[in-house]
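Trainee: Residues or ranges marked as disulfide bond in Swiss-Prot (evidence: experimental evidence): CYS26-CYS115, CYS28-CYS44, CYS43-CYS95, CYS49-CYS122, CYS50-CYS88, CYS57-CYS81, CYS75-CYS86. Feature annotation from Swiss-Prot assigns Ca(2+) binding site to TYR27, GLY29, GLY31, ASP48; the stated evidence is similarity to another entry. Feature annotation from Swiss-Prot assigns active site to HIS47, ASP89; the stated evidence is a curator's inference.
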Amino acid sequence: NLFQFAKMINGKLGAFSVWNYISYGCYCGWGGQGTPKDATDRCCFVHDCCYGRVRGCNPKLAIYSYSFKKGNIVCGKNNGCLRDICECDRVAANCFHQNKNTYNKNYKFLSSSRCRQTSEQC
């Protein structure tokens, strides 16, 4: 669920880091359209696409098991859609960490008018 996703992000990037990714670029936060602005925004685009492929439960609400082992996110013994959601969140949190140097403060709270290009397909 989104709370667990936030904990994954904070675990990879430090306490309260999740706030950097709420309303960032064209895809981080609720909804999304246009072309991702940078590698960080692309992490959110890929995460949105991943959630869109999940069947059988609500990715934003379903609770799955996971843990941190030596700084790595490890999805637990989830089945079906819970496993899929955990993997979506794990990959995105790792993506934010791998691309933290692309983070651009100018894309925080970006106006939706800057995201009007034709949206990419997943």
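Heads up, the Cβ atoms here are built off N, Cα and C, so glycines get one too.
In the displayed structure, how are the listed features positioned relative to their neighbours?
Mentor: In the three-state DSSP classification, CYS26 (disulfide bond) falls within coil.
Sequence-distant neighbours of ASP48 (Ca(2+) binding site) (same chain, six or more apart, CB under 8 Å from its CB) are TYR27, GLY32, CYS122, listed in sequence order. According to DSSP, ASP48 (Ca(2+) binding site) sits within a helical segment.
The Cβ of CYS28 (disulfide bond) lies under 8 Å from the Cβ of TYR21, ILE22, THR40, ASP41, CYS43, CYS44, each of which sits 6+ residues away along the same chain.
Annotation for CYS95 (disulfide bond): same-chain Cβ neighbours under 8 Å, separated by at least 6 residues, are ALA39, ARG42, CYS43, VAL46, HIS47.
Around CYS49 (disulfide bond), the C-beta neighbours below 8 angstroms that are at least 6 residues distant in the chain are CYS122.
For CYS50 (disulfide bond), the same-chain residues that are 6 or more apart in sequence and have a Cβ closer than 8 Å to its Cβ are ASP84, GLU87, CYS88, VAL91, ALA92.
In sequence order, VAL54, ARG55, GLY56, CYS57, PRO59, ALA62 are the residues near CYS81 (disulfide bond), counting only same-chain partners six or more apart with C-beta under 8 A. Classification of CYS81 (disulfide bond) by DSSP places it within a helix.
A strand conformation is recorded for CYS75 (disulfide bond) in the three-state DSSP classification.
Within 10 Å of the C-beta of ASP89 (active site) there are 26 other C-beta atoms, taking all protein chains into account.
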Trainee: Measure from the Cα of ASP89 (active site) to the Cα of every one of the recorded positions CYS26, GLY29, GLY31, CYS75, CYS115, then give the nearest.
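Mentor: For ASP89 (active site), the spatially nearest of the recorded positions is CYS75.
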Trainee: What's the most sparsely packed of the disulfide-bonded residues CYS86, CYS122, counting other C-beta atoms within 10 A?
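Mentor: If we count Cβ atoms within 10 Å for the disulfide-bonded residues CYS86, CYS122, the smallest count is at CYS122.
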Trainee: Below 8 Å Cβ to Cβ and six or more residues apart, same chain only. Which residues does that give for CYS115 (disulfide bond)?
Mentor: GLY25, CYS26, GLY32, GLN33, GLY34, THR35
